[in-house]
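Q: Below is a structure I'd like to ask you about.
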There are 2 protein chains.
Amino acid sequence: MEAVRMAFYFGYGRQSAAQQGCSVLDSAFIRYFSLMFPDYTGNDVFEDKPFNIEITVDHDDCESYPNEDSSERYHLSVSAGQAALNAETVWGALRGLETFSQLVYQDDFGSYFVNKTEIDDFPSFQFRGILLDTSRHYLPVKDILKTLDAMAYSKFNVFHWHIVDDPSFPYQSQTFPDLSSKGAFHPMTHIYTQSDVRRVISHARLWGIRVVPEFDSPGHTKSWGKGQPDLLTPCYSGSTPSGAFGPVNPVLPSTYQFMASLFKEVSSVFPDSYVHLGGDEVDFSCWSSNPDVRAFMQKMGFGVDFTKLEAFYMENIVNITSALNKTVIVWQDVFDYHERIPKDTVLHIWKGIPASYKAELSRMTKAGMRVLLAAPWYINHISYGQDWRDYYNVKPLNFSGTEEQKKLVIGGEVCMWGEYVDATNLSPRLWPRASAAAERLWSDEKQTSSVGKAFPRLQDFRCKLVRRGIRAEPLYVGHCKHEYQGV
Amino acid sequence: MEAVRMAFYFGYGRQSAAQQGCSVLDSAFIRYFSLMFPDYTGNDVFEDKPFNIEITVDHDDCESYPNEDSSERYHLSVSAGQAALNAETVWGALRGLETFSQLVYQDDFGSYFVNKTEIDDFPSFQFRGILLDTSRHYLPVKDILKTLDAMAYSKFNVFHWHIVDDPSFPYQSQTFPDLSSKGAFHPMTHIYTQSDVRRVISHARLWGIRVVPEFDSPGHTKSWGKGQPDLLTPCYSGSTPSGAFGPVNPVLPSTYQFMASLFKEVSSVFPDSYVHLGGDEVDFSCWSSNPDVRAFMQKMGFGVDFTKLEAFYMENIVNITSALNKTVIVWQDVFDYHERIPKDTVLHIWKGIPASYKAELSRMTKAGMRVLLAAPWYINHISYGQDWRDYYNVKPLNFSGTEEQKKLVIGGEVCMWGEYVDATNLSPRLWPRASAAAERLWSDEKQTSSVGKAFPRLQDFRCKLVRRGIRAEPLYVGHCKHEYQGV
């Protein structure tokens with residue numbers, strides 16, 4: 001055991017490909033110093049000999065963005081007076097810094113300690129995401145940034161930004177400014193400007209978090225219609241338009257021109273190689289009421305099978321985004337009606353709660369598709385008591401299938417849908433419940449099979465979150481040494 | 001409709017028994033000015049003619065505490081350029097100020113308006129309480145004060161402070177300081193000092209809120225035992241003490257001496273005429289294992305009926321507090337085993353969720369007892385969706401009984417038990433769900449029978465709470481003009 005009191009230094013190893021000036025690590029050193037020593041005033045006396053942690057990375061990826069292939073493996077070695085952190089990438093180094101920060105503890109007299117240890121660590125799953133829904137309620141940028149901070153504390157690495165949906169369109173498009181000026185809850189106060197989006201992406205990058213935007217269509221687009229005339233299908237009541245609108249109109253060439261322009265913008269604004277195209281819950285009643293749509297069906301030989309029309313639409317959209325070099329994620333619905341789905345598409349499993357998602361995992365991986373599991377982690381659903389246990393007990397690979405099939409599970413995602421969630425209750429609803437899923441997605445399943453053993457660890461981690469200013473709710477009766485200080 | 005822009009004055013009517021210098025109203029004027037005009041900077045230009053609200057009360061009860069008999073009735077008349085608020089007491093005037101503040105609204109250009117109106121208003125129930133549990137988790141004083149603010153916005157008038165329980169004893173007693181120094185989660189940081197308690201009581205008073213403390217015994221007292229030797233019953237395993245302790249030891253004279261001293265202190269610290277003595281969920285297994293308890297049972301002729309021992313204990317405690325001129329509230333359990341309960345005792349109904357509490361209301365009022373309804377408002381219980389509707393739909397008088405029986409229902413209480421609640425999640429879990437119960441307890445049932453009509457009103461009120469800095473969660477998809485600004 002080694003006493004550490006304030007005299008603490010980060011440094012780059014001589015062999016490190018990244019050196020001082022590396023934006024990701026330089027800023028991480030500053031952040032982690034504050035996180036480890038929250039009561040540091042700058043006037044503390046250095047009572048003990050200094051402690052040095054030396055970081056060495058193989059690649060100078062300091063100015064890049066994390067991506068689906070980024071290694072997050074790190075090796076951490078803590079000995080007397082020093083620690084060595086080695087990683088292939090700066091993203092791995094970030095994960096190692098997080099681990100190190102959680103190893104530092106304080107005794108009752110205020111001295112800091114870290115135990116000697118040797119850690120070789122890497123994630124079980126490459127994609128460990130959180131979905132925030134900024135359409136059903138607007139989330140101020142600062143709440144998104146704070147969520148990114150807390151995500152890094154739990155080693156989440158993907159922010160799935162479900163940015164628009166039926167109720168509102170807060171994304172301020174450069175190409176189509178009317179989408180937000182007419183489709184947001186408020187055109188000035190309830191939008192994400194280009195500068196807001198850049199801020200989120202850049203904040204996420206510094207934590208090694210990817211930002212995957214979702215522009216869900218053809219359903220879930222009511223708010224789009226307000227600022228983009230002729231985009232949505234006019235619903236008919238008998239032979240006359242009813243005044244209501246349905247999903248995106250798949251029969252007009254203008255629809256695809258619009259989508260091509262929008263996704264061209266989205267692709268350049270969001271640097272991640274993934275984009276989420278949605279494709280869930282398309283209601284056919286409006287399409288089938290519309291004579292132009294019916295005529296198109298006939299012309300295309302689709303008969304009365306609207307899934308063929310939906311497939312036609314999605315295929316066009318997928319082609320648009322593929323031409324922009326984006327890998328596509330879609331909700332699982334698309335797989336069900338679409339045979340010609342590109343093989344590198346990721347299927348997002350959200351159905352089959354609480355149990356039948358295992359059958360979905362089997363079925364889709366058997367077809368050779370990559371999958372992302374969300375179904376058991378719809379964390380917006382709440383119940384009384386310790387439901388984090390359910391999130392912890394999920395075994396993403398415990399389904400019937402070959403080893404090859406299991407490799408197609410790229411990871412999992414905690415979804416915080418926004419029907420009942422905004423800035424007032426987001427944090428306590430997310431944390432520490434999402435952290436239970438995070439451990440499942442990062443850690444070796446064999447070493448983390450016991451909910452009972454996880455409980456005190458999660459309780460302790462929750463107090464760490466609270467100490468870091470995250471409004472993480474309690475798991476059960478008890479207290480933290482430092483209770484939440486905000487009101 | 002009358003434009004009001006900042007040039008706004010509170011004044012006392014010439015006939016008012018209270019005049020300038022009245023602590024309750026003077027401070028209310030300052031608070032309500034900020035609440036009504038949150039963006040007032042002191043530099044605003046008065047564009048319109050001034051608006052005056054004149055307050056007249058019949059009694060100068062400015063320095064007193066609200067009590068069970070306090071009238072909260074008020075009459076509010078708003079006309080061109082002025083309003084008149086009349087009430088019997090300052091507490092009624094506070095309720096009227098709250099109503100007035102909610103009538104003020106702002107247009108998109110920042111001008112303030114209040115519509116002409118005439119309101120005669122009074123509560124349906126005299127006791128409209130919220131229970132906070134500061135034993136299962138410690139709640140910092142500032143969170144309690146903030147809750148009191150929000151209570152006043154919903155016209156709650158009793159803070160039931162469930163201050164101690166099994167997990168911790170945060171009340172710092174003058175007479176028995178070991179109770180908190182040994183029984184709190186932490187003897188310095190997780191306690192309520194005498195000054196803290198005074199601050200809570202004085203803050204509550206200025207909002208017209210009573211503070212009713214609960215010192216629950218003989219069960220729920222594990223934390224008491226740490227600082228008060230011989231208070232709890234030693235449990236036996238066969239013929240030897242097991243090392244565990246059960247409920248308060250009812251056979252030792254020292255127990256009653258201790259309780260007399262403690263409640264003497266409590267009675268002087270808490271000015272309210274009510275005190276809550278608990279009396280719920282007493283486990284008999286430890287008592288029955290203890291040879292001294294068994295011997296006492298035999299001596300008293302109780303046989304093996306431990307409810308008689310429990311009744312004996314409660315009777316002693318009730319006598320102690322009655323001698324201190326306190327009206328007693330006990331949990332309904334006490335009624336079930338105790339025949340000789342004093343007639344002015346209030347029974348607190350917590351069992352029978354979701355429906356059978358009606359039978360309990362019938363049974364207890366039939367015996368001539370006053371009752372307080374909590375069972376349908378255990379708001380710590382959560383479920384997905386709009387459960388506020390259940391709280392709203394409760395009809396406290398909809399039970400089988402005479403008019404005389406119905407008069408014995410003094411009110412209701414929203415209980416926020418602390419197993420899963422602390423400062424991180426208290427506010428969004430309480431608000432605005434508790435406000436649904438508040439309307440039920442204040443307003444005429446006939447005029448507030450429709451949940452559908454209540455929905456937009458409650459949504460609007462929730463945005464008012466958010467605007468006032470209360471972290472009140474959303475009821476459903478949508479937005480507030482001013483979203484929550486904290487993080």
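Including glycine, each Cβ sits where the backbone N, Cα and C put it.
The following feature annotations were taken from TrEMBL:
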DOMAIN    A:16-103  domain 'Beta-hexosaminidase eukaryotic type N-terminal'
DISULFID  A:Cys22-A:Cys62  disulfide bond
DOMAIN    A:125-444  domain 'Glycoside hydrolase family 20 catalytic'
DISULFID  A:Cys235-A:Cys286  disulfide bond
ACT_SITE  A:Glu281  active site, proton donor
DISULFID  A:Cys463-A:Cys480  disulfide bond
Q: Helix, strand, coil: count each for the residues of the domain 'Beta-hexosaminidase eukaryotic type N-terminal' (A:16-103), based on DSSP.
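A: Counts, helix then strand then coil: 28 helix, 19 strand, 41 coil.
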Q: Check the Cα-Cα distances from A:Cys62 (disulfide bond) to the recorded positions A:Cys235, A:Glu281, A:Cys463 and tell me which is shortest.
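A: Considering only the listed recorded positions, the nearest one is A:Cys463.
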Q: In the three-state scheme derived from DSSP, which category covers A:Cys480 (disulfide bond)?
A: coil
Q: I'm trying to understand the geometry here, so how far is the Cα atom of A:Cys463 (disulfide bond) from the Cα atom of A:Cys22 (disulfide bond), in Å to the nearest whole number?
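A: Rounded to the nearest whole number, the Cα-Cα distance is 31 Å.
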Q: Where does A:Cys286 (disulfide bond) sit by DSSP, helix, strand or coil?
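A: Assignment for A:Cys286 (disulfide bond) reads helix.
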Q: Nearest to A:Cys22 (disulfide bond) in three-dimensional space, by Cα, is which of the recorded positions A:Cys235, A:Glu281, A:Cys286, A:Cys480?
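A: Ranked by Cα distance from A:Cys22 (disulfide bond), first place goes to A:Cys480.
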Q: In terms of DSSP three-state secondary structure, what is the assignment for A:Cys235 (disulfide bond)?
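A: In the DSSP reduction, A:Cys235 (disulfide bond) maps to strand.
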Q: Give the sequence-ordered list of residues that share a chain with A:Cys286 (disulfide bond), lie 6 or more positions from it, and have CB atoms under 8 Å from its CB.
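A: Within the chain, A:Cys286 (disulfide bond) has Cβ neighbours under 8 Å at A:Thr233, A:Cys235, A:Ala244, A:Phe245, A:Gly246, A:Pro247.
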Q: How big is the gap, in Å, between the Cα of the residue listed as 'active site, proton donor' and that of A:Cys480 (disulfide bond), rounded to a whole number?
A: 43
Q: Pop the mean pLDDT for the domain 'Glycoside hydrolase family 20 catalytic' (A:125-444) in here, whole number is fine.
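A: In the predicted model, the domain 'Glycoside hydrolase family 20 catalytic' (A:125-444) has a mean pLDDT of 97.
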Q: Around the C-beta of A:Glu281 (active site, proton donor), how many further C-beta atoms are within 10 angstroms, looking at every protein chain?
A: 12
Q: What same-chain residues, at least 6 away in sequence, bring their CB to under 8 Å of the CB of A:Cys480 (disulfide bond)?
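A: Those within reach of A:Cys480 (disulfide bond), by Cβ under 8 Å and sequence separation of 6 or more, are A:Arg462, A:Cys463, A:Val466, A:Arg467.
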